[in-house]
Amino acid sequence: MKKNILLLFLVHGANYLFPFIVLPYQTRILSIETFADVAKIQAAVMLLSLIVNYGYNLSSTRAIARAVSQAEINKIYSETLIVKLLLATICLALGCVHLMYVKEYSLIYPFIISSIYLYGSALFATWLFQGLEKMKAVVIATTIAKLTGVILTFILVKSPNDIVAALFTQNIGMFISGIISIYLVRKNKYATVICFRLKNIIVSLKEAWPFFLSLAATSVYTYFNVILLSFYAGDYVVANFNAADKLRMAAQGLLIPIGQAVFPRLSKLEGYEYSSKLKIYAIRYAIFGVCISAGLVFLGPMLTTIYLGKEYSLSGEYLQSMFLLPATISISTILSQWMLIPQGKEKILSRIYILGAIVHLLYAFPLVYYYGAWGMVISILFTEVLIVLFMLKAVK
């Protein structure tokens, strides 16, 4: 498992390190207005990608890990791949219809360009590689793709209004990852696309539904925040908040590879072996989350000033105020992915996330209306803590 954790660190290192390199270039080249528009479109694409993934990144990972034959793996792979491609097409259509409805015609073409992320997400079989514990393939695909996106950013993004180029370079990496993923699956014969039945697809959708509800609910207090903030705040505030949130997510992203590597391992264990391993992993994971939070407190303002430039001076204050999030998220991951899901309590987890999303919206709108980005920070923190409390009650 240590090897898989290391490989997942490399994957998420590529996911966060390369954009981390690009971000200061974009904040200095793009105008505040363009950077804010990029943030809004990218947030919308991330929301739609949750529909594309539809919880399969967890349900299919677990199914692959428990599969007892190659035929079963082929069946899971085929059904998941086809459904995700169909969902990507539906999301593209819905996004275009929405932009036409709100008369944001100038953003339709940039959105279509950004939708390559949706198809890349559909093709990129991370769930297959995780279930098989073959993470080397993911590292190869992600590293090549992200590096390509970085190089293209410095080549194509040249003027303050290069919104299409900025969005293309941000999203092409996922599409390339998807293509490489398909190639590696075929080359190494990890799985084969076979004929499938509509009945089986419906069953797989039902199995992934609780995971989807959980992810969709969490998106309300993650990706939707930038969109909500744009309703009440100007481009300057939106751009600064988005930049701070990207840095916070990059720091918080250090937790993801450990969480993903431990999840399939714990899913296979039962009884005393499960309990003893869980205790060891949980203590170390929580300590790591606290260390990341401490880093935001002491290094946040200094990093943003050097990294983003003087125009983004507010970002440092926003980032520092989010310091509790990494520690809280580490506890949330332990309770949800390592405890509730392996115990078969997916429905309870879904209800917790849905309740958290509903409550979040109740106070997020008025707080953002009166206090802008500070109201958003307060809303996010309160929601994450509230969800952890709900989870603690559920695992007892």
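In case you wondered, yes, glycine gets a Cβ from its N, Cα and C as well.
Straight from Swiss-Prot, the features:
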type	residues	note
TRANSMEM	5-25	transmembrane segment
TRANSMEM	32-52	transmembrane segment
TRANSMEM	82-102	transmembrane segment
TRANSMEM	107-127	transmembrane segment
TRANSMEM	137-157	transmembrane segment
TRANSMEM	163-183	transmembrane segment
TRANSMEM	211-231	transmembrane segment
TRANSMEM	286-306	transmembrane segment
TRANSMEM	322-342	transmembrane segment
TRANSMEM	348-368	transmembrane segment
TRANSMEM	372-392	transmembrane segment
Two-stretch contact, the transmembrane segment (211-231) and the transmembrane segment (348-368), at least three Cβ pairs under 8 Å: yes
Cβ contacts under 8 Å made by the transmembrane segment (82-102) with residues that lie 6+ beyond its boundaries: 44-45, 48-49, 51-54, 56, 108, 111-112, 115, 118-119, 121-123, 196, 201, 204-205
Range from 163-183, 348-368, 372-392 with most C-beta pairs under 8 A to the transmembrane segment (322-342): 372-392
Chain residues outside the transmembrane segment (372-392) and at least six past its termini with a C-beta under 8 angstroms from it: 221, 225, 228-229, 232-233, 237, 240-241, 314, 318, 321-322, 324-325, 328-329, 331-332, 335-336, 340, 349, 352-353, 355-356, 359-360, 363-364, 366
